[in-house]
Structure formats: structure tokens, C-alpha cells
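S.K.: Got a structure for you, questions after.
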Ligand SMILES: Nc1nc2c(c(=O)[nH]1)N[C@H]1C(S)=C(S)[C@@H](COP(=O)(O)O)O[C@H]1N2
Ligand SMILES: [Mo]
């Protein structure tokens, strides 16, 4: 026989807590479902609000501890806090008073406040979103309470409560899921049709050497879907390419604006595969990719505005409040682009639609996405991450990462990628050396021919190993002037991680 709930100390408290948590969760789920109607998940907006309002040292600490997972972690934290708070309220809520009405009023006030603080516009969609975010927890409160209201619980009460909790959750989640899909459909039709649209003039990216395509190896050119993303916000800012303009202004003789079509049809467009790596990437980490980008040299765009003699910085400003500065002297480099395309299409929203900066050889943080304004300045500008303690120049530290391993009979092959922001253009990495004996001896790997001047080099190294299945592999790159990549391990902050990548592989 199972004990009655009444015999379990705190059984009622637990059920009340569960009831309250379910209501909090229903509210969060309602907000998530309504997200497409109000331009995003309300909980994400709370998390963003916390980041924006918290002092720089705190957000920096969070990023330091959690890397760029700080924001998703914060979102999860807000969800837990909401669910925990509603559980507590349910536990202390006086029996006998009308819980359903309280939930309706409470969720109405909370949702209204959230939308108001988030600057959501007054529209039919907002009203529908509000209804969903209120009905979801209210319905949960209406359908769950039977077992909670009674103080003298019995085993059947408890079972009834749990089976109700199950039924209501399943029915609720199914209907919320269906609503979410419906809302996404509705909004998709309104979203910018030019995101990810085929580019007319684009040529296909250079192909890699198939000999380097084996188990675990990345493609020579990363597809847009496979390219990592790192954002300060949880979602890309919605931008309408019809009304968007790129304004070039500040300390210039001839400020001007370009429309989206004018940018796409710019006569000096180029295509440029470029490796991008996030400054927060750990040695061997995944925040690295080589996109096939197209764009217009920044020098052409800024040059046409006739920058002042006294100009020092070119600042790119983005819709999400992000900014980055590069010294005016640097823009003479023809390879710094305002990119509008990735992989033969216009940019995907998450990679910066309609336009983003590309600064080859620098860390990704220099490459502002969702640009709407280029400002030439006569004073130094403090950029987003710089203000949070990261390196201003952000030149990529020479790196060699181990990626793949494969066995063919007695033969084992390991491989990976190498890259460095040495700013000399092509052929910056002269060699990659590999050790499979813990650093005792080093052998030179075979390098793939360079697919483009600013693209990583893939490498591979084969050796005979009939009697072993596990290998510790170490890799290090050699720069063009013979300098061996530093062995010293440093943290990503402030200037990017350094050190040799050491990892264990089990080739299959
Ligand atoms: N506007 C804006 N630009 C941004 C960021 C951002 O959060 N907002 N993140 C930067 C960082 S830290 C990196 S590593 C790259 C990542 O670009 P990707 O998401 O296209 O890979 O974008 C950079 N540009
Ligand atoms: Mo980054």
C-alpha cells in the first residue's frame, strides 16, 4: 500500500508548490508562444534588461565564467526564478480565497508591465499575445486546483492531483505548441523576404581538397547553417530592408546614405572567404568558421564620403546597440568589407542582415552585425566589448586545432585547422606540426592548399599504429617567419586564448 498524502509530512505544501510552479511555467510558456507576435520571448527581454542595467564588471564576470553562454544561462535563470516565485506564492496563499481570479489579475499585470517596459507597440498581435499569456496560467489554475483546496488530503486526492497535473500539462502544451506554430507562420509572412535570398551575381565558393574531408573534419568553407553565432542579445533585431539605409556620416565632407539595393548593386563588390573566430573561444573550441562572404570594401564606402584629415576612427553602429571601432588607417586595406552576402545568398538574420562588417584576421567581435550607421570620428571611440575589458585590437592569435581522426587498417590519420591573424594577407601559416607522443617528437603535417587568402588552412597527418586505439594528439602552427605558436596557455579574456591544442582521439 502506498502511504496517503496526509501521512507524508509537507505533502500538501509540496502539492501547492507544484501547483504554483505549474502556473508560473504556464505563464512563461504563454509568453514563449506569444513571442512571434510581440517581436520576441518576454523572458529573454527580462534577461536582456538585466544585462543592460547591470554594471559592466558584472556582465563581464558573467561572460568570463560562462563564456558567451551567459545570456541563455540568464534566460534559464529567469525562468527558474519565475517558477520558484509562483511556487512560493502558492504555498503561502490563504486557503479559501479565489486563486483563479488572482492568477488572472496577476498574470495580466505582469504581462502588461513586461510589454510596456519592453516598448511593445499597441496592435492586434499584442492584444492576442496578452490574451495568450493570461489565459495560459489562468486555465492551469482553473483545471488543477481540486486537490489543492482540500486540507485533509487522501491518497485518491493525491493521485487525482497528479493525474490532473499530467493531463492538463499535456493538453496545455499541445495547444500551446499548435498556437506557437500558427503565430510563427503568421509572422514569417511578414518578415523580411530578402533575408537569405539568392544573390544574382554570386559565384560558387572555392572547393576544398576532398583528401581533407574525413571523419570529424570541417568543410573547407563553412555553410551558413553550420557557421557559429555569438550575440549580445537573444535574437537578431528585426530590420526591414525596404526602409533600412546605411548612413555614412560624422567627420566627413560628403555624408550620404545607401539603400539596401544600392549596397547590393555596388560596383566594387567582391567575394571573400574569411575565417572568423570568437575572442571567447577556448583552445580547440567550436566558435570558428570560414564563410563565403560578399560585400563592398569599407575603404570605397568611406572614401566616397571624403573623411576629414583629422579622422582617427571608423565606427560601425548596429541596431542592437553594439558598436566597434577601427583606426582610420586600417581601412585602406581592401579586404575590410561591409558584407551583405554569405554563401551565395543575402545574409541570414543571425549573421547580420542586411549588412555586417568583416575585418579579416581580427576576432569576430570586431565584425559588427546589423550595421545601420558608419561614423567617422576625430576622437577615439570606446566599443562594446572594449568597454567590458576585452582587447581593442583583437588580432587573432595563431592557432591550430585538432578536429578529425580516421583509421584505415593500420593507418591512422588525424587532421584539423590552423589560422592566424598575422595581417600579412595570404599564406600566413607556414606549417603545422603534430605530436602523437605527448610532445616528445613532432612531425610536419600536410597542409591543404589555401582556398582563399583569409581562410583557415586544413591539415592532416598520417601514421602507422596497428596496436593502439586511443591517441593524445598535440598540434601547433608555425608562422611564416618561423615563429612557433606559443605553448603558453592563456584565458580568452582579454586578448583571446593561446596555447597548443591537446586532445584525445579514438579513430574509428
Ligand atoms: N551587432 C552585433 N554585432 C556583433 C555581435 C553582436 O552581439 N551584435 N557579436 C560579435 C561577436 S562577439 C562575434 S564572435 C561575431 C559573430 O558573428 P556571427 O554570429 O555571424 O558568427 O559577431 C560580432 N558582431
Ligand atoms: Mo566574439
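Glycine is treated like the rest: Cβ placed from N, Cα and C.
Pulled these from TrEMBL:
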type: COMPBIAS; residues: 482-492; note: compositional bias 'Basic and acidic residues'
type: DOMAIN; residues: 237-385; note: domain 'Oxidoreductase molybdopterin-binding'
type: DOMAIN; residues: 409-504; note: domain 'Moybdenum cofactor oxidoreductase dimerisation'
type: REGION; residues: 482-508; note: region 'Disordered'
type: TRANSMEM; residues: 20-44; note: transmembrane segment
type: TRANSMEM; residues: 65-93; note: transmembrane segment
type: TRANSMEM; residues: 99-117; note: transmembrane segment
type: TRANSMEM; residues: 122-141; note: transmembrane segment
type: TRANSMEM; residues: 161-183; note: transmembrane segment
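Burial and contacts for the listed features, if you can.
M.R.: Same-chain residues lying 6 or more positions outside the compositional bias 'Basic and acidic residues' (482-492) and placing a CB less than 8 Å from one of its CB atoms are 64, 67, 279-283, 397-400, 420, 430, 433, 476, 498-500.
Look at the domain 'Oxidoreductase molybdopterin-binding' (237-385): DSSP puts its residues at 22 helix, 60 strand, 67 coil.
Per DSSP, the secondary structure of the domain 'Moybdenum cofactor oxidoreductase dimerisation' (409-504) breaks down as 0 helix, 45 strand, 51 coil.
For the transmembrane segment (65-93), the residues of the chain that approach it from at least six positions outside its boundaries are 13, 16-21, 23-25, 27-28, 41, 43-44, 46-48, 50-51, 59, 99, 102, 148, 230-234, 278, 280, 282, 287, 492, judged by C-beta separation under 8 angstroms.
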S.K.: Quick one: do the transmembrane segment (99-117) and the transmembrane segment (20-44) reach 3+ CB pairs under 8 Å, ignoring pairs fewer than 6 apart in sequence?
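M.R.: Result for the transmembrane segment (99-117) with the transmembrane segment (20-44) is yes.
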